[in-house]
Amino acid sequence: MFCLLLRRSAVHNSCKLISKQIAKPAFYTPHNALHTTIPRRHGEFEWQDPKSTDEIVNITYVDKDGKRTKVQGKVGDNVLYLAHRHGIEMEGACEASLACTTCHVYVQHDYLQKLKEAEEQEDDLLDMAPFLRENSRLGCQILLDKSMEGMELELPKATRNFYVDGHKPKPH
């Protein structure tokens, strides 16, 4: 098998063959060689099952109609992507890049102190969220740990960007 090394010319918008080599294992290849990877969806970690019972964290989502959905997550799961895995209607339009408030949730007061303190960027976004409460957080910024066992997350009645043109949120 051969490995072709190409250099792209910015001037002529073309590629020039630099050398032809026998392919070597990935850790021996030059830095400018082309590598490809398998595409991954956002929240890939959340789509994996817990490896042991020690990792399991049980939480409950309460949707805008009051329907309660108990979910079994694991330590390190992102609350937004975990909701997507279990078909809970939490949009997450910016895909956890801290650019919207569509994953806005209300955290039970008992569990608020167990969460990491919100960073300034999250607080700034929450200021723009409709139906803001003192226990409001962005779901994309909450990572589960064992201290959150039994936590309840309530979804607000509406968020900005939600159901635009009849859109129903789906995992990305």
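Keep in mind that glycine also has a Cβ here, set from the backbone N, Cα and C atoms.
In Swiss-Prot this protein carries:
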- 57-159: domain '2Fe-2S ferredoxin-type' (DOMAIN)
- Cys94, Cys100, Cys103, Cys140: [2Fe-2S] cluster binding site (BINDING)
Taking the Cβ of Cys100 ([2Fe-2S] cluster binding site) as centre, how many other Cβ atoms lie within 10 Å?
21
Three states by DSSP: which one describes Cys140 ([2Fe-2S] cluster binding site)?
helix
Residue counts (helix, strand, coil, in that order) that DSSP gives for the domain '2Fe-2S ferredoxin-type' (57-159):
24 helix, 25 strand, 54 coil
Averaged pLDDT, computed only over the residues in the domain '2Fe-2S ferredoxin-type' (57-159):
95
Determine the Cβ neighbour count for Cys140 ([2Fe-2S] cluster binding site): the number of other Cβ atoms within 10 Å of its Cβ.
27
Given the [2Fe-2S] cluster site residues Cys94, Cys100, Cys103, Cys140, which other residues of that chain have a Cβ within 8 Å of the mean position of their Cβ atoms, reported in sequence order?
Leu80, Glu91, Gly92, Ala93, Glu95, Ala96, Ser97, Leu98, Ala99, Thr101, Thr102, Leu138, Gly139
